[in-house]
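To start, the structure under review is shown below, and the notes come after it.
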């Protein structure tokens, strides 16, 4: 009996241990496929799971398999708009000390969460090794540098300060779709004309970050690029009178928008534009890829930089990092080399609808919109986007989105302004 | 010695895995969270953290966003419990009367519970579209077609905290009323028919029969329903997340705020929110458990 009892105890104990270790494994399996470094797997964590994004990633992978024959690409994508789900999964893996070989992150301030947590390595040396310090515009490198160090290699560049228009709706108020209004005030005057012509909600908008993007282009137009950049690095005072006046214009713009703004996503809002219910839509240039995918003809829409922001290129960028204590740094470096290379960027961006971060790309390889964006990328002043992580950390962005959703209902400017200031003071 | 082990040994052995697993995965991790909530671990960085006492809790209860989420939760819980109890009871009363095809209706009312909250949340997000008039979509569209214009409303996107959170409670009420109906129906069926007959013989009206004979018998079921609904409401996350998205101030409850906080790696604050949520649920559940245990002992 005694032996039987202790045997049973041992069995039960072993079963308990097994259960514990099984849980541990399943928790980490999302990102630690590269744990078996003997097979030379390179686990790449992204939120590019379908559409043009997936096609772009596939293009990059085929270049990688060619350049880095020793390694095997392992896709570890988590679906979900702008990485909302992926970031949670990634945070778990990083917390558990099991990083993937490399992961996607918005270039710029959003990386500082990972930097502060000691989860990504400085890769300034790789820039020299791969010749990226010459291939990327100095302007971009300045925006990527944090305390003299660079932590990621951008795969692409998107432009945030774009307005998409519906010419046939603008015609109702005899407005020219080809030229942008010179300022936010002129834009508001045009919207009054559209309202008088029977367009009830001239400015299409959706929830969350789309509202943040409208606020950002108004701030950029009203404050100018230098003060605008200062809002994010602490040099410009959020409590200033110029911010108040800009926010009042943002409030005015909201009165021209669809009333269901809190309930729809950006593809719905783009639908309002394409169906002729709205005349304008403020959104990043992934709209161009979406319109191509939806087979909306070139003639059905025009685009220009948001009023008052011409000459400024508000950028955001997807980039890849070298995680601290990753499974196989050499494999990761080979992936990063592909990401920064001319071939890799071409294979990726022609499909994703973005433009390459390198300035030596050939515009003829790209569709019509990207050609104009590439020209602007070379000559414009580059300013960052908060909504897409170039200027703000995840936490700051989260607080700003919360403040904007509160404002969408309450319309209280003073409260919004102080909430924005507070959001940027926290990290 | 041997004899004593033989008495309590097998019982202890059967309980041991449960005790170990619960002890570690539930109570151990609660203790761990509580411990984290007392530190200044505000980033994902590894290494030692220092204790700051109840500072995180103090900060929470002065933060507008957290207080807003607590108030939202309170309103949501009241609207959800009241709505679900009312609908559940009405349906149970209707079915209790013995309608032809009762089992069909029972399934129809119960069915929403089989749908996951995240799926019903996505659909209710479309139904609760705030557009009105010619552009109306979702439920407002239905009201527009039926010429019930006065019923059209902006749902959760405008108005007071009560209208906002009542709109959010609506899908939850739809989903859980069938369950409450089933509870009450079982209760009604459990009352011996002799009691009704005796009351009728004594000349009690139908209203009096329910008021003085049947409902008092249902009070233990009503209490269970209250507790079950209460703890569902206090932990509600997926439904709200699916309808309004993650950063919606108007509808944020502590569970969503905790998720947002965790996303920015503020472990200490997220733990503190989690512990506050646990305390809120405990306030509801512990008296109920104590009451149940006492009842059982009396029997």
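Every residue gets a Cβ built from N, Cα and C, even glycine.
Listed in TrEMBL for this protein:
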TRANSMEM  B:12-34  transmembrane segment
DOMAIN    B:70-290  domain 'ABC transmembrane type-1'
TRANSMEM  B:73-95  transmembrane segment
TRANSMEM  B:107-127  transmembrane segment
TRANSMEM  B:165-188  transmembrane segment
TRANSMEM  B:209-232  transmembrane segment
TRANSMEM  B:267-291  transmembrane segment
Counting only residues at least 6 beyond its ends, the same-chain positions whose CB falls under 8 A of a CB in the transmembrane segment (B:267-291) are 30, 33-34, 36-44, 49, 52, 56-57, 59-60, 66, 73, 223, 227, 230-231, 234-235, 254-255, 257-258, 261
For the transmembrane segment (B:73-95), the candidate among B:107-127, B:165-188, B:209-232 having the most Cβ pairs under 8 Å is B:165-188
Sequence-distant contacts of the transmembrane segment (B:107-127), meaning Cβ under 8 Å and at least 6 residues beyond its ends, amount to 91, 137-139, 170-171, 174-179, 181-182, 236, 238-244
If one takes Cβ-Cβ under 8 Å and requires six or more residues beyond its ends, the residues near the transmembrane segment (B:209-232) are 77, 80-81, 84-85, 88, 172, 176, 179-180, 183-184, 186-188, 190-191, 195-196, 199-200, 281, 284-285, 288, 291
